[in-house]
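Written below as structure tokens is the structure these notes are about.
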Amino acid sequence: MGDAAKCAKIREIFSKEPKELTTGKCAKSRKTLSVEKTYSCNECGKSFTNTAALTRHTKTHSTEKKCICAQCGKGFINQSYLKKHQRVHTGEKPHVCSECGQRFTVSYSLKVHMRFHSGEKPYQCTECGMRFFTRATYKNHILNHSGERPNVCGQCGKSFKDAASLRRHCHSEKPYSCSECGKSFTRLFRLTIHKRVHSGEKPYSCTECGKSFTQAANLKIHMRIHSGEKPYSCTLCEKSFTQGSGLTVHMRTHSGEKPSMCDHCGKHFKYIRHCHSERPYICTECGKSFTRAIHLTVHKRIHSGEKPSQRLICFLIVK
């Protein structure tokens with residue numbers, strides 16, 4: 001290729017919109033400009049392409065969080081973040097969908113939701129053609145093809161597919177051990193909470209129903225059963241959840257993601273327990289079987305017409 005042709009190609013690459021370089025519309029440019037993210041945060045595992053970006057990011061951990069939420073005590077580095085967070089407590093959702101009227105706490109959630117109506121899936125995998133509503137699900141998906149492990153431990157150099165795995169690795173040192181059962185923990189406060197399993201201490205009680213918990217966080221989640229608060233909302237449909245884990249699992253219904261791989265057959269499942277799991281609990285009415293006794297108990301109410309107790313509802317939601 002001559003110099004003139006090379007210059008023309010370079011102009012073509014850099015004239016692309018940034019969006020095109022990350023959505024598979026410009027595959028060659030994406031490959032040319034991709035940079036390894038070798039600088040990782042030891043606090044949360046997030047990776048960056050250079051030390052300057054990492055330094056900026058680490059300030060989010062070290063900067064004093066002076067803006068404190070009066071409702072839950074959570075701290076933020078500025079008033080803007082605090083204001084957005086407070087909508088979780090107030091229920092304020094200022095961003096409204098013009099198609100269906102669904103409301104959202106932040107503008108980005110509305111932007112993603114609008115794709116549900118338009119059918120737009122701007123992020124396309126260049127390997128298999130699968131399309132995605134959000135960049136996060138797209139990025140997660142392409143790692144399945146590339147085998148890339150962009151999250152690198154700054155201490156030992158070991159790499160991981162996702163930030164969550166790196167975080168678990170970074171906290172693998174567990175110097176605090178339980179004298180009762182030998183279980184060890186990364187932080188002293190986690191050991192303190194664990195010891196309540198042995199002592200039976202449950203210092204956090206629900207003022208509505210009297211149920212007690214070993215941790216304040218579990219009581220906070222439980223109270224949402226009584227208040228009806230569901231702060232974790234799906235950006236693609238109207239569903240909302242009391243816990244973040246519920247939303248994470250729900251999002252797989254939209255993305256089709258099956259993150260759990262069976263060690264025996266290599267197949268992927270949404271939940272690993274759906275694979276080769278025994279179902280010893282069988283309904284005598286219809287023959288349907290279940291992996292857990294509690295699920296059989298709930299199922300039987302379909303036949304009996306019995307309404308579940310408040311205690312059972314609390315158990316299922318908290319679990």
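Every residue number used here counts from 1 along the chain in the order it is shown.
Just so it is clear, glycine is given a Cβ too, placed from its N, Cα and C backbone atoms.
Feature annotations, reproduced from TrEMBL:
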type: DOMAIN; residues: 39-66; note: domain 'C2H2-type'
type: DOMAIN; residues: 67-94; note: domain 'C2H2-type'
type: DOMAIN; residues: 95-122; note: domain 'C2H2-type'
type: DOMAIN; residues: 123-150; note: domain 'C2H2-type'
type: DOMAIN; residues: 151-169; note: domain 'C2H2-type'
type: DOMAIN; residues: 176-203; note: domain 'C2H2-type'
type: DOMAIN; residues: 204-231; note: domain 'C2H2-type'
type: DOMAIN; residues: 232-259; note: domain 'C2H2-type'
type: DOMAIN; residues: 281-308; note: domain 'C2H2-type'
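Just going by CB pairs under 8 A, the stretch in 123-150, 151-169, 281-308 that sits most against the domain 'C2H2-type' (232-259) is 123-150. Secondary structure of the domain 'C2H2-type' (67-94) per DSSP (helix as H, G, I; strand as E, B; remaining residues coil): 12 helix, 4 strand, 12 coil. Cβ atoms under 8 Å from those of the domain 'C2H2-type' (176-203) belong to residues 212-215 of the same chain, restricted to positions at least 6 beyond its ends. Over the domain 'C2H2-type' (204-231) the predicted model carries a mean pLDDT of 87.
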